[in-house]
Amino acid sequence: MDVELDFEKRFRLVREIIETIVLTVLMFLVIRLAVQNFNIDGQSMEPNFHNQQFIFVDKWSYLFHPPRRGDVIVFAAPPEPDQDYIKRVVGLPGDVITIQDTTVFVNGKALSETYIDPHRQGNPYAPIVNMVIPQSDYFVLGDNRMGSSDSRAWGCVPKQNLVGQAAFVFWPLGQDNWGLVKNENGIFDQVPQPPQVTNPTMCPVKPAPVPATQISPAPGAHPSLLSQAELPVTFLLPTLLGGWWYWQQRAQRRCNAKEALEQDQEEEV
């Protein structure tokens, strides 16, 4: 009898360990597919994102809905497809964009962009008049207008270039923008429907003359290896969740076994 109980306990322990490992691997895969962390390299999104910050990017959100005006997105840059850029969506497919001096007009509506530092609000590019955004493309701008290579320089971003939506600034700790990314969608609430435009200007496609803010996966010795900065998301978090689930299950089974034993003892009495 004791041998059978000992075997049963060992079998249950092995089963719990296997279940925990399987759950941890599944969590690892789901989180890895849904979230990726990137390192910002540049200042074109100042004052809202800073050089050398690390952010989490939600790679699933745009599977369920398209980008909205004001979203901060990460995408493969049209002039450099092997580089990922971070910018803010200003225009959607079909929108008409005009930029005169420091003012951006979307469908004829001047934007009051309170998220921009007024000292960085110039326009180093030629004015844009009645630029119509092609279907499935997006017009993006850097928040630091004087130091950003964006759709003013190299055109619109195709939908297939999207990587995901910036979701959370997680490093360094304690900075002014640490936490959930604030998308300025409300600023665009009053943008009307696109007007009919005669002789529209299409998005330009040409080399970018001003350095862009690149955004790259957290640095590592080899692209296929996990970097230290990725461990909290891709390894540590699933392991902690898996361990918590394991101990919860073990405690529940012990409680059930104790109740069953007490019930058997009562029946014997």
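Cβ from N, Cα, C; glycine included.
Whatever TrEMBL says is automated annotation, not expert-curated.
Given the structure is predicted, the values throughout are model-derived calculations rather than measurements.
According to TrEMBL, the domain 'Peptidase S26' annotation covers 15-171.
Taken from TrEMBL, the feature transmembrane segment applies to 17-35.
According to TrEMBL, the feature active site maps to Ser44 (among others). Under the three-state DSSP scheme, Ser44 (active site) falls in the coil class.
Lys87 (active site) falls within a strand segment according to DSSP. A simple way to gauge crowding: the CB of Lys87 (active site) has 28 other CB atoms within 10 angstroms, across all the protein chains here. Feature annotation from TrEMBL assigns active site to Lys87 (among others).
Within 10 Å of the Cβ of Ser44 (active site) there are 27 other Cβ atoms, across all protein chains. In this structure, the C-alpha atom of Ser44 (active site) lies 8 angstrom from that of Lys87 (active site).
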